[in-house]
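Now, the feature entries from TrEMBL:
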type   : residues : note
SIGNAL : 1-20     : signal peptide
DOMAIN : 159-208  : domain 'LRRCT'
REPEAT : 211-253  : repeat 'EAR'
REPEAT : 257-299  : repeat 'EAR'
REPEAT : 352-395  : repeat 'EAR'
REPEAT : 397-440  : repeat 'EAR'
REPEAT : 442-484  : repeat 'EAR'
REPEAT : 488-533  : repeat 'EAR'
Amino acid sequence: MGQTGLLLLLLLAGLGLGVAWRPPKGKCPPRCSCSKDSALCEGSPDLPESFSPTLLSLSLVRTGVTQLKAGSFLRVPSLHLLLFTSSSFSVIEDDAFAGLSHLQYLFIEDNEIGSISKNALRGLRSLTHLSLANNHLEALPRFLFRGLETLTHVDLRGNPFQCDCRVLWLLQWMPTVNASVGTGACAGPAALAHMQLRHLDPKTFKCRAIELSWFQTVGESALGVETFSYQGEPHIILAQPFAGRCLILSWDYSLQRFRTQDELSAPSVVSCKPLVLGQRLFVLAARLWGGSQLWARPGPDLRLAPMQALAPRRLLRPNDAELLWLEGQPCFVVADASKAGSTTLLCRDGPGFYPRQSLHAWHRDTDAEALELDGRPHLLLASASQRPVLFHWSGGRFERRTDIPEAEDVYATRHFQAGGDVFLCLTRYIGDSMVMRWDGSMFRLLHQLPSRGAHVFQPLLIARDQLAILGSDFAFSQVFRLDPDKWLLEPVQELGPPALVAPRAFAHVTLAGKRFLFAACFKGPTQIYQHHELDLSA
């Protein structure tokens, strides 16, 4: 018996609960000794059932009970004190103490309890003293003490607590209650062994995780995926070269799934880039053959229709298209991968978009990325023939600023911002993909990730998480999350099943209180995953 339980028994004896009294026949079970208002049972193979309903104190020592089930004490509703000690039971179920609304002292000490249900103490609205000392508890369920507003003393000492995310709620609860809490020391993990629980800082625990689970499949393969908002509703557009179209999806609130809303004909399309200007929707369809086009929807009740052929003499083999704003005007930049063509900047002029500048001729550009550095527009072009080149906007045109050192064979670049810094994810098909950070004059290498067969290394900010997804043609696509303390990407999960087949682009959208990730695949259907936040301290 714990010291606290022993002292309380002596206290109650002093209050008169130990006055000798012979109960009516049959009211004192075998192996029990009874007095006027109390009973002490030792070595009983099970919970005795024939107590007086007016019993105030019950002590059970070295019983053969294996678990406390719901409603175990409904026959003794007047109990003020209940003590279990040196018994072999290991589980306490929900509502084990149901009906004991007058119970003030509950001591479950020196037993073999390894599990206690979260609603085990439900209904003990008069409880002031609770002891679970010297058991086998490695953790306690969250909300175990919910509704116990009268607690003044809690003793949890002598348990082998694992001081991981499972104890976080307990650390957060202790400062909020007007009770003395004895917690003891950690038994693990090794780094925290023997440390007192009261000395742990809840802020050091990382107990939030994420999971991306499959939600829906969109049948045709795709090279690109973009999101945009039109008329206050999120939309998704897929570049589907084999289906020869740009497919626009929206959310079906009745079916709770994505459905086709519109499409435009675009054979051999590699990129479908949306632009919304008020009531008007524009879509740039960059095509390998047949010329790139600009489509337009003048208003929400009208359909998309072809509006303009785009730079047919310059865009011979487009590989990527990006939207950017320059001097308050929308522009597109289309990266051209042919020897004879050139990457071209197209800006709005009157009703259409026309070439404003040719960039990087003869370099077979594979990717364009628009970003802002030092408060000015910049453009980063990745090429099959040289290291990525950074341009800055100056005097109404883009001028070459620098290239990125130690970045050979980069297929594509994507940037993100975190903590006021600008980072780059550089995709390499052969070799390691890289993460770099802008230092004010140059992008510097932070770390590398093995990425054989990668065509996309896409950063995405989903909820509070800065993620980066590394797609692979030969292995599972990997999801990473940025650690803001280390500035490193740490692995979170692999995407699948179903596995992605040659992923080429990722995008996310939030709607109807849910978050979704789209994965456009070149050799398989587009897969949609739902983003979930997990509380590991629950």
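Using N, Cα and C of the backbone, Cβ positions are placed for all residues, glycine too.
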> Among 397-440, 442-484, 488-533, which stretch has the highest count of C-beta pairs below 8 Å with the repeat 'EAR' (211-253)?
Replying inline: 488-533
>> Given a Cβ distance threshold of under 8 angstroms, which distant residues of the chain, six or more beyond its ends, lie next to the repeat 'EAR' (352-395)?
In response: 284, 294, 307-308, 310-311, 314, 319-326, 331-339, 342-346, 401-405, 407-408, 410-415, 422, 424, 426, 438, 440, 443
>> Please compute the mean pLDDT of the model over the repeat 'EAR' (488-533).
In response: 96
> DSSP helix, strand and coil counts for the repeat 'EAR' (257-299)?
Replying inline: 0 helix, 32 strand, 11 coil
